[in-house]
Amino acid sequence: MGNRLKKNNKNNKNDIVKREQFIDQMLMEDNTKEENEYKLLLLGPGESGKSTILQQIQIIHQDGFKSKKERSKLRDTILQNLLHSIHSLIKASVHFNVELESENQYLVEEILNLPTDFTKITNEHCQMIKQLWKDKGIQQTYKIRHKFHLFDCAKAFLDDVERILDPDYIPTVEDIVKSRSRTTGITDIPFSYGSLNFRIWDVGGQRNERRKWIHCFQSVTVLLFVVSLSEYDQNLFEDSKVRRMQESLLLFDEICNSRWFRETNMVLFLNKDDLFRKKIKKKDLTCCFKDYEGGRDYDNALEYIKGTFLALNQNPENKTIYTYTTCATDTKSVDNVFKAVKETILSCHIKDN
């Protein structure tokens, strides 16, 4: 067994080295292609909305997801999101001792054993999910969703279960933007604003891996960091004792003050502003920040969170952090923000040169 562990550790190290070499190679090739290209590195914790922002850039600048063929490729992702959502609600109802209506009890096992292949989903399965989603116990569980892990897209997809589980279903652009998919590997998207060329990089992987390759991006023009405003009362899926907002602050601190980016300007996206506006009216920030005294006022809460992130900058004389509130699922909102970001990046570049 010891030899097997050594072999696994060696394989992991080899994977990280290969990943680092691959990133280096891609960046070198990219430098030869476009010397006048502004390079952006997109970072942030899971479920902050990073992938959605990338999708919006594809929609705005590359006519992304216009063809049915392209959208059909994401059909399985949306099915997985829908099934994950109803499974999470069932398991949470058990965990929090929420009783389901007696006539719906039999549906639980049926739904937990549903196939994850679209071609095997029947209309009967669809009606089961629809019926259970309407159950008073499941709706009660949904109201306490901040206490467990549930995708933001859960309500939208479960409300529309008949359309999504139709045999001829093809995802809309709106469905794709709402969907949740984990970033794996390396994604880079070239795009232009007028005469300016940009390339945005998103690299998946765990934090401990990130330390191994982050230096490869030390020459980027600007760092983009995405944080979810609305998750201040939610805990990590991996550690139920840690607030997601606190984890975001730790990650931001690590990136912002990394020796590789000591003087690299940053853009901080305070994302999911639409959800935050609704939530703050019902619950203030004291569940995450004990010294917060701004009550349930949106402006007070937003300024507090913004100030908490900005205060982590250990080199404010040589490093500027620009902040924008965003709703990543709103294409027009993302487009307007990126127009402002473009001006920010351009002014930073002129100043540096």
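For all residues, glycine too, the Cβ spot is worked out from N, Cα and C.
Taking the Cβ of Asp202 (GTP binding site) as centre and 10 Å as the limit, one finds 21 other Cβ atoms among all the protein chains shown. Here TrEMBL flags 47-52, 202-206, 271-274, Ala328 as GTP binding site.
Summarising the annotation, TrEMBL assigns Mg(2+) binding site to Ser51, Thr183. Close to Ser51 (GTP binding site) in the fold, though at least 6 residues off in sequence, lie Arg180, Ser181, Arg182, Thr183, Asp202, each with a CB less than 8 Å from its CB.
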Tertiary neighbours of Gly49 (GTP binding site) (same chain, Cβ under 8 Å, six or more apart): Val226, Ser228, Phe269, Asn271, Lys272, Thr326, Ala328, Thr329
Chain-internal residues near Glu47 (GTP binding site), provided their CB is under 8 angstroms and they sit 6+ positions away: Phe151, Asp152, Arg180, Ser228, Glu231, Arg244
Residues that sit under 8 angstroms from Asp274 (GTP binding site) by C-beta distance, when 6+ apart in the chain: Cys327, Thr329, Asp330
Where Asp274 (GTP binding site) sits in the secondary structure, as DSSP reduces it to three classes: helix
Listed binding-site residues (Thr183, Lys272), ranked by Cβ neighbours within 10 Å, top entry: Lys272
